[in-house]
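Q: Straight out of Swiss-Prot:
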REPEAT    61-94  repeat 'ANK 1'
REPEAT    98-130  repeat 'ANK 2'
REPEAT    153-186  repeat 'ANK 3'
REPEAT    190-223  repeat 'ANK 4'
REPEAT    228-259  repeat 'ANK 5'
REPEAT    263-296  repeat 'ANK 6'
REPEAT    300-333  repeat 'ANK 7'
REPEAT    337-370  repeat 'ANK 8'
REPEAT    374-407  repeat 'ANK 9'
REPEAT    411-444  repeat 'ANK 10'
REPEAT    448-480  repeat 'ANK 11'
REPEAT    491-523  repeat 'ANK 12'
Amino acid sequence: MAHVGNYSRNGYYPYYNNKFCGNFTELMYLIIVEKNRSDGYSNIKKHLVDNIETINYRNEKGWTALMIACAMCDKWSSFKTIRLLLKKGADVHIENNKGRTVLSLMVNIITENKFNIMDLLIDKGADINSQDNKNKTPLIHACKKELDDTYLHACYVLGKSVDPNLEKNDSKTVRYLLDKGADPNIEEHYGKTVLFYAARMKNQDKAYEISKTLIERGGNANHTNHYAETVLIYLCISCSHYSCELIQLLLDNGVDINHQNRIGFTALMCACINIKNPSNFETIKFMLDKGANINLKNNDGFTAFMNIFGNNYFDYIVPVIQIMLDYGADINDKNNNNVTVLMMAVKFAKNDKNMTVINFLLDKGADLEIRNDYDWTALFYACRYSNSSGNNDAVKLLLDYGANVNVNTLLGHTPLIIACQYADNESNIDTVKLLLEYGANPNLTNLDKNTALSVAITWLSKNRYEVVKLLLYYHADSNTYLYLNSEGTVREYNLLVWIVKNIKCNKLDLLMLLIEHGANYSDIKGYIFQENLDNGDIEKFMKFTNIMENIKLVKKSIIDCIPKRVPEIIFNTNSMISQLLSLKWKAYSSDYKDLITLKDLDIIDYLGVYDIDSLYDRIIDITKYAY
């Protein structure tokens, strides 16, 4: 029974379980409180005598008194009230705001008098094939909702099991509607018939039973909706689990297992995308056994095999990949953009499962050097996405398998340039470092003549300083130029000048870092620094450049001394090299025992020599590069 207060024309009242709305007539109110009072039915009967004109009024949700009485029969109102309303002229054809008639609503209601009520409605002319605002018929609604949601929720809250008789309610309702003339081939607004909804029921046994009944009663198993999807394709798209028995039923009744929808997807492709539990592994194998073509491609060039690969890998993906390969999938097949499964796998290499997949693909012969339409290899994908959807371990794995670290695209981009370009977000510093450790050349240029260093300086902000420092440590040329395309004209910029004019954060640190690694600032006019540095930074910059100038002078003095001092050291009779050469000559002399002096013995002891042979070996090793 409904627990509500007294009636008010402006009040909000429940019209169905815990759903409330306004614009309630007094007749509707009397119906929802009928079982609250012993004279509830009498009050309804008396009210209709003077207010018969309100019998077909609709509330805020478009529900009539008849709809409320039918939906809540045995809970709030009685079966005899329904009979009274129909006798007094309640219209069975009125639609609520969603376009549903009272008969359409009844197919989803759980009540002992459900079929008695439906008999009354049909006897009064209710249309068994009426369509709501989305062209759904009562038969479609019977399969669209397996059991009343409120009933199921109540069972869950109270800890009660679902009544087995009610579990069969949907099947019974479907058969009832078919017996009363329901058409199983009417299409709703997307072109789906009732069979589309029946096949995707959560209860697989029920899905099979009702689908079989619909087909036996004339339902077209080979019908396609507005997207050119068969029931089988729709089933594989919308469900995470489905039975092989149901698939066999559809195939037995004419469904083409290799039919492609409007965008080229087959049922097998959809199953591979929607593979969320181990049972679907058996389903995929079943479809392959039944002749599903593993090498068909959709409009984007993806095969079923390619559709397995995404950003949510699962525990049993490797066996799925293996079964697909066993049935003839090409591990190096490409989509319309020439992307391979290896490229997709490394792009989404975020966790251990994905790394297992990449390892497996490489072991099975996935080609590292295939290029997509951007001329990228798998290594480019790994470097670009190593910090977002990817994984730095994937970069290392590809390099360990022999990926060319200095491969370049038609635009001249290398993996290092790409990693530097995106090192603030999708890539990271560790990827840049890894590439450099594996021999990436930081001085290779793209077609714009830019190196990894110039790209890092112009593209990065958060990690700019660290990446630049890393590149310089690995001998990036600090005197490289920056080339930027401005309105179709490529302009050349000195890196120091560009930094001082365009970078706001840490520009002084970056300038000093480049100069420390040899960037030439002597040709740059001083006013450029003065105009673009803060006063405090100008003072620091001047002190730093003075120190660097002194360091240069010291280095120059050392270098200038080398030609003079080296001969003096080499040819000095007291130098170590001279003494070693003398000892070598003595050792090879036949009377070496007479020639060796006490000073020679000190050298022999220092070298750890224990006999004449070891003396030969040590002296030869030390003096072979002495000339």
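Quick reminder: no glycine exception, Cβ is built from N, Cα and C everywhere.
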Q: Please indicate, using numbers and ranges, the residues of the same chain that are 6 or more beyond the repeat 'ANK 4' (190-223) and have a C-beta under 8 Å from a C-beta there.
A: 137, 139-140, 142-144, 146, 167, 170-171, 174-175, 178, 184, 230-231, 234-235, 238-239, 241-243, 245-246, 249-250, 253-256
Q: Near the repeat 'ANK 9' (374-407), which same-chain residues lie under 8 Å Cβ to Cβ, leaving out any that are not at least 6 residues past its ends?
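A: Same-chain residues near the repeat 'ANK 9' (374-407) but 6 or more away: 311, 340, 342-343, 346-351, 354-355, 358-359, 362, 366, 368, 413-416, 418-419, 422, 425-428, 430-431, 434-435, 438-441, 444.
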Q: Sequence-remote contacts (6 or more beyond its ends) of the repeat 'ANK 10' (411-444), Cβ cut-off under 8 Å?
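A: Residues 375, 379-380, 383-388, 390, 392, 395-396, 399, 405, 450-453, 455-456, 459-464, 466-467, 470-471, 474-477, 480 contact the repeat 'ANK 10' (411-444) from elsewhere in the chain.
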Q: Same chain, outside the repeat 'ANK 5' (228-259) by at least 6, Cβ under 8 Å from its Cβ: which residues?
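A: Contacts of the repeat 'ANK 5' (228-259) (Cβ under 8 Å, skipping residues fewer than 6 from its ends): 192, 195-196, 199-200, 204, 207-208, 211-212, 215, 221-222, 265-268, 270-271, 273-274, 276-277, 279-280, 282-283, 286-287, 290-293, 296.
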Q: Quick test of the contact rule: Cβ under 8 Å, at least six residues beyond the ends. What residues does that give for the repeat 'ANK 8' (337-370)?
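A: Contacts of the repeat 'ANK 8' (337-370) (Cβ under 8 Å, skipping residues fewer than 6 from its ends): 300-301, 305-306, 308-311, 313-315, 317-318, 321, 325, 331, 376-379, 381-382, 384-385, 389-391, 393-394, 397-398, 401-404, 407.
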Q: Report the DSSP secondary-structure composition of the repeat 'ANK 8' (337-370) as helix, strand and coil residue counts.
A: 19 helix, 0 strand, 15 coil
